């Protein structure tokens with residue numbers, strides 16, 4: 001009974017705190033019994049801590065609650081500048097120990113009962129961790145003086161280098177590389193790195209060799225077609241000449257045969273005309 005009176009005497013007198021505490025019906029929850037060692041761990045503050053709120057138990061993930069009980073007899077008061085004096089009432093910030101879970105424990109906003117708020121509070125650490133992971137994905141990109149990890153530097157440099165290569169390779173078409181003179185190409189490549197210039201010139205040399213090989217192949221094919229056409233024309237002319245030779249040979253043989261027949265029979269002699277009678281002068285005067 002004396003302990004209940006002592007606890008009642010040390011309860012906060014602020015109306016806001018009393019109203020905040022009275023919203024919860026905590027009497028229906030069972031009190032977890034813990035060993036004395038766990039109780040000592042609960043009442044011990046970490047080194048350098050400025051808060052008078054004890055730590056939570058090792059077996060529980062529920063955030064630590066404000067301490068309304070009297071200090072242990074063997075405990076020593078904290079020597080920190082902000083520590084509360086021995087036997088003093090809890091500070092006002094201890095009454096708002098659940099301020100980090102306002103989105104869980106706001107019955108007016110979520111239309112929840114106090115029991116639902118306590119259940120949400122019990123599952124709050126895991127939920128907070130889940131939200132922390134989800135918020136990590138929406139972290140803004142670093143600017144200016146913020147440091148980037150080496151992997152991010154390498155990724156950004158590789159992306160910029162690859163984009164630079166694409167711009168250089170897409171700057172000239174194949175026809176421009178082949179038709180452009182060496183002087184003009186060197187003038188266009190000023191300001192680029194040596195590796196990019198060497199790669200582009202190798203590409204230009206490959207294109208020129210490929211074009212030269214295609215030109216030679218085209219010329220060979222064209223020359224072969226010309227020679228094949230001339231061959232066909234000459235073959236047709238030879239056939240025509242052969243036919244003409246055979247015709248002339250036949251005609252020669254025909255004339256030769258006629259000549260031989262005529263020579264074998266002999267040519268007939270034509271009859272001489274009759275001689276005119278001689279007239280004398282005596283016949284003339286007769």
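Including glycine, each Cβ sits where the backbone N, Cα and C put it.
According to Swiss-Prot, the feature region 'Disordered' maps to residues 51-87, out of the candidate ranges 14-50, 51-87. Among the ranges 173-198, 199-224, the one that Swiss-Prot lists as region 'Basic motif' is 199-224.
Between the listed ranges 89-110, 265-286, Swiss-Prot ties the annotation region 'Disordered' to 265-286. Here the region 'Leucine-zipper' (227-248) has, by DSSP, the following mix of helix, strand and coil residues: 22 helix, 0 strand, 0 coil.
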